[in-house]
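> The structure is given below, and queries will be raised subsequently.
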Amino acid sequence: MVTTRSMKSGQKSASAQGATGEQTIPEPAKPALSTEEKKKPDPPPTGASAEDASKQEPQLRTYRGNCHCKAFVYEVELPEIKFVLECNCSICHKKGYLWVFPEEGRFKIVKGTDDTLARYTFGPKKLTHRFCPTCATPVMGEFVEGDKRALNVRAIQGISTWALEKQPYDGAALGEKHVPPEHKGPLPPAIDGHKLYTGSCHCGAVTVAFMSKPLDETFTDLTAECNCSICGRNGYRWTYPSNKRVVLFASDEGNLGRYSFARHVLNKTFCRICGVCMTNEYNDLSDEERKALGALPARGFAKSMKTQHPLNLRVFSNVDLARLRAPKLNDGAKIISPRYVNP
């Protein structure tokens, strides 16, 4: 489905969302370049032939992206995606965003409408975060001015995000320091050698309390990233505690989203207001209820997950993921059946 053609300018460099939502878009004379592309010679001087000039111009490719439940599908023209911007601000970190910035007019909706995706803004409201209200996939950010947008590469089909060059951006240093929302719900019981961690979505409507061994370089419990259809899109960094050590809380239950599919054994929980993905909650359904949903046979998976409550470590603002041991990389895209079919 990929098509190519030359362009006058390509992916734009842009700063990412800051701690309070500040965002600016530098207007570079040239598109942002990968490390390899930076070594290429400058464009030919004025008067060079069109053929020579075209050799210097990046080729556009047509990429397709979508949320997991397939309610929203789009196409975008970009140079080949080899690098992304990774911001450490309060919302980019929680959502696991990996940004690219298409030119204006290169984006079109294939399925759904402009109102299919939910909207979330904060701070100066210069950027609107768009996510699916059903499956929580963080699709993109839309800038207030013009037709400018930032796309989350995790939602683009056929991209191995593990293989991309990631350009860090210190968005956390911009504006006022983000104050993590307070967990006001129940707490898990204390355990010797463990400490209490509390985390939250971005807006604070959904929080979580976790009794854990210290989440630093001494932490030896399993952590993982997965490239399956849902984990790859939603950017989870998993750990797998027992459900007795986890309390997921929303003062208004209506703000707590749940998404299940295929075997319907687990609910991917998320905040309906800001779209931050929280946990993997056991979906306590009877066989009859699963059958009514058209669930695939669980084959023992339901029983194995009944006492677990996997957590997305990104929701803990006071946990530095860089201090933890490298996560296990699970090739769920190949080993989990049935295979997901991109729309």
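Cβ atoms are placed via backbone N, Cα and C, with glycine included.
Per TrEMBL, the feature compositional bias 'Polar residues' maps to 1-23. Annotation source TrEMBL lists domain 'CENP-V/GFA' at 63-170, 197-317. Per TrEMBL, region 'Disordered' is recorded for 1-57.
Give me the local environment of each listed feature.
Per-residue pLDDT, averaged over the domain 'CENP-V/GFA' (197-317), rounds to 96.
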> Can you count helix, strand and coil residues in the domain 'CENP-V/GFA' (197-317) using DSSP?
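Taking the domain 'CENP-V/GFA' (197-317) as a whole: 26 helix, 40 strand, 55 coil.
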> For the domain 'CENP-V/GFA' (63-170), what are the DSSP-based totals of helix, strand and coil residues?
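The composition, in the requested order, is 12 helix, 47 strand, 49 coil.
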